[in-house]
């Protein structure tokens, strides 16, 4: 039996997939490899740790929106990596594939929402007069954009699950790709506005004086996390552009490097962003009094 030949009556991909390693070759699976248990298990632990930290920070500082967004994003990442563990046991598991492709893809939308709202609070607390836009516009504009991206990516993932062949699956991939491209465009615009505000702050003496060392550190990590999420989403565009059946999609070292470890930011993008948000957290940047003021004025 050749590497891609299947026994009669067996399917390797889709809702009706019934292959298993006992009867079908690994090369016939979508990924063509078994995701690493130690590596993916470690990432589940890291995202769980980040979720616990963000929960504690949120409960202490009462930043409910930020906390809820971070918990939602971390939880989706964890579920997605559980899907990869399922794929280790059975590389043909369609359920495991769905958990990975939908949850890991959608998680950054929640992280972005947390960042959008937090920047508006930064502007209110530092100097709203030097911002080109009213602080509330950052969440009135960018969060709805996040929702559009979320709907497109989720819809694309759902459409790809009902495809019976590569052409039908690709239709769902294209919808997800549209959602990702839209998300990247929004992130680029947001990062540009964020950078513009920081540059203006640096030039204005009064605003610069309000930026304490604590606030500067908080804002720096908030901005860094935005850039890292942008890098991650850009990689996903390149990955999905070639479809689920491409060599890039099947490249586990590249997937792991961009998704999952905070050891080196160059190679470990997604977890770095989440842990940057531990420092770029309103609990670090604002006192309870300052945070309450932000909510009232926003």
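Keep in mind that glycine also has a Cβ here, set from the backbone N, Cα and C atoms.
TrEMBL annotations: computationally assigned, not manually curated.
Under the heading transmembrane segment, TrEMBL lists 37-56 (among others).
Taken from TrEMBL, the feature transmembrane segment covers 63-82 (among others). A Cβ distance under 8 Å defines the sequence-distant neighbours of the transmembrane segment (63-82), meaning residues of its chain 6+ beyond its ends; these are 40-41, 43-44, 47-48, 50-51, 54-55, 57, 99-100, 102-104, 106-111, 113-114, 117-118, 260, 270, 274, 277, 281-283, 291.
Positions annotated as transmembrane segment by TrEMBL: 94-117 (among others).
The transmembrane segment annotation in TrEMBL covers 137-155 (among others).
Positions annotated as transmembrane segment by TrEMBL: 175-198 (among others).
Per TrEMBL, transmembrane segment is recorded for 218-237 (among others). Same-chain residues lying 6 or more positions outside the transmembrane segment (218-237) and placing a CB less than 8 Å from one of its CB atoms are 105, 108, 111-112, 115, 118-119, 122, 177, 180-181, 183-184, 187-188, 190-191, 194-195, 198, 211, 258-259, 265, 269-270, 272-274, 276-277, 279-281, 284-285.
Counting residues 6+ beyond its ends, the transmembrane segment (269-286) has Cβ neighbours under 8 Å at 43, 46-47, 50, 53-54, 57-58, 60-61, 63, 66, 70, 73-74, 77, 108, 111, 114-115, 118, 121-122, 125, 214-215, 217-225, 228-229, 231-232, 235, 257-262, 294 in the same chain. According to TrEMBL, the transmembrane segment annotation covers 269-286 (among others).
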Near the transmembrane segment (137-155), which same-chain residues lie under 8 Å Cβ to Cβ, leaving out any that are not at least 6 residues past its ends?
-> 102, 105-106, 109, 112-113, 116-117, 119-120, 123, 172, 175-176, 178-180, 182-183, 186, 190, 193
